[in-house]
Amino acid sequence: MEDSRETSPSSNNSSEELSSALQLSKGMSIFLDILRRADKNDDGKLSFEEFKAYFADGVLSGEELHELFHTIDTHNTNNLDTEELCEYFSQHLGEYENVLAALEDLNLSILKAMGKTKKDYQEASNLEQFVTRFLLKETLNQLQSLQNSLECAMETTEEQTRQERQGPSKPEVLSIQWPGKRSSRRVQRHNSFSPNSPQFNVSSPALLEEDNQWMTQINRLQKLIDRLEKKDLKLEPLEEEVIEENTKPHIMLVQRQMSVTEEDLEEFQLALKHYVESASAQSGCLRISIQKLSNESRYMIYEFWENSSVWNRHLQTNYSKTFQRSNVDFLETPELTSTMLVPASWWILKNN
């Protein structure tokens, strides 16, 4: 489908020139779109980090992704261009060669029909306008039905692959070190979305006090990381915490940092709202807190999960994958994700 992300005339021209130069066969223009969407710094090629951010599917390990990257990189430049992507995937398309060709025709047909609708709808009769609306709705229904079938097939194949693997390696989850400046990590609480925020109404206002307690714990973690970065770190005696045998010792804290493009801010907020609502309803999700940094389109999402297994299962859900795919278009740079195990005793349930 046609991507809504705007491009400059120069980038459009370069894409047309590249397409002409490569003489792409029918259906292969999708790889021009893949390159444009995954190429976050707009240099016309994909680094390994950009490749990993776009192609990681939660099944291949980091090592396997690295091997695939260098297999595709036949020019040995440590970057991928459209020619290399087309050359590799064209050898493995099978029946999907016809699918991609049909999608290319469908994309052009839909754009042509919508252009005609935009031009003629206002002057059409009531009956003609009704027919246009009906056809748009039914076209959308057909496309959504196809999308549902594809999502089921995708989920089934991924699950089958995981089950068939002997001693499966750990799926790739982006884990990038914290930025160097401590100030960029500091929580600015006055800009956080509180549980009763009209923009992110994902929690009951009754949990506001609990939210404040959790922000205290988050600040405590960030101060600890700040101290660890200092060169004059002095080790101090620790207070030992005695854990009962049947007590779960740790929970998982996930920090996700997302820099959103200004033009996609509203769409991102809607996608984030749907994601938080779905994730919060999952068993094993203890808490999700969202903050927007001052004067920036940068979001910090803190997710608390019962353990790493629950978190990894969450990554394979449809709602999580949908959010990850949408972020390819909405984010200026690939998402930064860090995980940390924290004492489970910090989690205080109010309803105990």
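Using N, Cα and C of the backbone, Cβ positions are placed for all residues, glycine too.
Computed from a predicted structure; not experimentally measured.
Within the listed segments 135-163, 309-337, Swiss-Prot records coiled coil for the stretch 135-163. Report note: the Ca(2+) site is defined by D39, N41, D43, K45, E50, and the residues of the same chain whose CB lies within 8 Å of the CB centroid of those residues, excluding them, are A38, K40, D42, G44, L46, S47, N79.
In the three-state DSSP reading, E50 (Ca(2+) binding site) counts as helix. Here E50 (Ca(2+) binding site) comes close to A38, D39, K40, N41, P334: these same-chain residues lie at least six apart in sequence, with C-beta atoms under 8 angstroms from its C-beta.
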